[in-house]
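Novice: Heads up, here are the entries from TrEMBL:
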- 5-61: coiled coil (COILED)
- 78-166: domain 'Arginyl tRNA synthetase N-terminal' (DOMAIN)
- 534-660: domain 'DALR anticodon binding' (DOMAIN)
Amino acid sequence: MGDPLADCSARLQEQERQIRTLSAEIESLKNPRALEPSPQLASLKEENAKLKYRLNTLKRSLQADPAPGSRAMLNINQRLQQVFEDAIRAACPQVADPPLAVTPGRDPKFGDYQCNSAMALGQMLKARGEKVTPREIAQKILENLPENELIEKTEIAGPGFINIHIRKPFVSKLLTNLLLNGVQPPPLPVRKKVIVDFSSPNIAKEMHVGHLRSTIIGDSMCRLFEFLGYEVVRLNHVGDWGTQFGMLIAHLQDKFPDYVTSSPPIGDLQAFYKESKKRFDEEEDFKKRAYRCVVRLQSKEPEIIKAWTLICDVSRAEFQRVYDCLQVKLIERGESFYQEMMKAVVEELKQKGVLELDEGRHIVFVPGQSIPLTVVKSDGGFTYDTSDLAAIHQRIFQERADIIIYVTDSGQSTHFQLVFAAARMLGWYDPLTTRVEHAGFGVVLGEDKKKFKTRSGDTVRLMDLLDEGLKRSMDKLKDKERDKVLTPEELTQAQRSVAYGCIKYADLSHNRINDYVFSFDKMLDDRGNTAAYLLYALTRIRSISRLASLDGGALAAAAASTPILLDHDKEWKLGKCILRFPEVLNKILEDLFLHGLCDYLYELATTFTEFYDSCYCVEKDRQTGEVVKVNMWRMLLCEATATVMAKGFDILGITPVSRM
Ligand code: ARG
């Protein structure tokens with residue numbers, strides 16, 4: 001794994017070359033559309049836009065260094081990158097865009113961090129006809145290393161690796177800062193606005209496991225951005241507008257004729273939907289009336305709007321139960337919100353001359369994409385494409401968002417690529433300054449690796465799933481006889497925290513691109529990389545300070561006066577691991593892969609266990625069990641671990657408990 005900036009630059013260059021070749025090929029053919037523009041080109045362009053944006057932000061984030069004496073946690077890796085960039089530029093001024101690769105070392109024998117740039121530089125110089133070995137380059141880099149507070153010593157190993165040993169007193173000071181200030185993010189040079197479009201179920205339809213994934217992943221992304229100081233708008237783009245409302249309203253009129261005056265008791269909207277669909281398919285008159293209802297809805301007839309609102313309210317209450325359980329906050333701004341704007345967008349497309357007529361539909365082709373967007377159907381209605389065009393327009397021009405992220409299953413990736421490409425074609429945004437991204441994810445599978453279903457083959461209702469999680473988590477706690485130790489309140493708290501924490505963590509800890517197998521047994525296992533394990537780990541760490549009778553005040557006082565010693569190998573390993581937190585978050589900011597945080601927290605927990613197994617924190621008398629000695633600097637290491645872990649949980653949306 002290399003340095004993101006270097007990776008990004010290299011991929012960008014390679015892609016631009018490919019795009020040039022492909023574009024030239026297409027240019028040379030007179031009518032590109034007739035020849036089906038290559039989907040390869042399209043996805044390359046999409047990927048390319050993302051890379052360009054990332055390269056830009058990476059470059060900028062490298063410059064945004066917390067001021068000296070800042071309360072923010074220092075990103076050690078980033079700081080080392082800067083130091084080495086200066087050294088590399090001075091050592092090889094002839095290379096305009098030198099590769100920068102500083103990574104945490106795998107084996108402490110070879111230093112704490114490693115710089116692997118000399119090998120790549122060797123290749124580059126060789127290509128320019130300069131004869132110099134990577135070891136010589138490494139030597140030259142070291143000669144040009146600027147003065148810095150971080151590096152203790154360096155050595156060249158093998159073909160030209162540079163092993164970097166960092167200064168213990170400096171790391172110790174960073175840990176003290178962390179304890180005194182808490183986990184502070186680096187200050188943002190300018191406050192940026194992020195829109196995360198997530199969850200987004202459809203009215204009158206079941207909110208399914210795909211929406212659960214979107215809810216969990218989207219919420220965690222929001223939490224990350226919020227922690228880092230961004231202005232975050234959490235949008236629930238619910239499907240609340242469309243032809244299905246015609247039949248729902250027509251059916252409502254028949255079943256509850258006085259719905260305008262007294263609210264109809266629709267308990268089961270699913271069943272209601274099925275009934276109306278059946279009638280729609282079977283009764284010709286009903287179908288006609290349903291269509292008329294759509295038109296009447298779109299022209300905002302009060303009586304029809306009333307019916308529509310009633311139906312939305314029933315769904316909304318149902319969705320809210322899920323959000324309340326998971327403690328997820330969202331602003332509902334469904335498709336209907338964009339109704340007027342859709343007209344304006346269609347008008348703009350017409351004005352710009354990109355609208356084409358195709359068998360009564362109005363479509364738009366975008367460069368590099370073989371399928372068009374359908375913006376007006378032959379019956380005059382708008383589509384999912386139209387509402388997303390209007391939404392992106394609104395988000396860019398009215399919200400003035402700097403970053404827009406869509407969290408849905410990967411099945412919708414073509415749809416979003418089309419929408420983004422259209423927005424760029426129309427000049428709505430420049431990918432170099434506005435980041436627009438579809439964060440797709442795989443499907444949820446059952447333990448049989450087939451589509452997630454109930455035993456009887458129905459879709460699983462989310463509330464049932466969450467309730468089952470609660471039940472299973474309680475069973476687990478009772479198995480361990482925790483009900484005998486905890487107060488009833490503590491027990492329910494632990495139950496909820498484990499159940500919902502595990503469901504979230506199981507989702508977040510897998511690479512979101514992959515399909516993921518939903519298994520209560522696996523997620524509730526308290527061994528391995530699960531929320532149950534991490535929740536236990538955190539309560540255990542916290543219980544160490546209880547053992548030593550230290551409260552927050554005593555720890556804070558100790559932090560201010562006790563230097564944190566890092567002489568033991570395991571202390572040193574833990575100290576460095578704790579301080580990698582900002583590096584981990586920074587990476588997620590770039591790739592939106594939250595499993596990086598889960599992996600890190602798991603590593604932190606296991607590193608802590610190694611430390612705790614070999615370093616006494618609290619020494620007790622063997623006979624009496626009385627505490628005879630508290631090794632305060634180690635208590636501080638425990639506290640620093642707990643602080644970072646708790647912050648990590650917070651970003652993942654997991655609620656820690658003090659006892660479980
Ligand atoms: N309602 C859609 C669905 O259930 C998801 C909407 C995602 N957001 C968007 N802007 N298209 O598949």
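Heads up, the Cβ atoms here are built off N, Cα and C, so glycines get one too.
Just so you know, TrEMBL annotations never went through curation; they're auto-generated.
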Novice: In the predicted model, what is the mean pLDDT computed over the domain 'DALR anticodon binding' (534-660)?
Specialist: 96
Novice: Count up the helix, strand and coil residues in the domain 'DALR anticodon binding' (534-660) according to DSSP, in that order.
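Specialist: Secondary-structure composition of the domain 'DALR anticodon binding' (534-660): 87 helix, 7 strand, 33 coil.
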Novice: Do you know the DSSP helix, strand and coil residue counts for the domain 'Arginyl tRNA synthetase N-terminal' (78-166)?
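Specialist: Across the domain 'Arginyl tRNA synthetase N-terminal' (78-166), the residues distribute as 38 helix, 19 strand, 32 coil.
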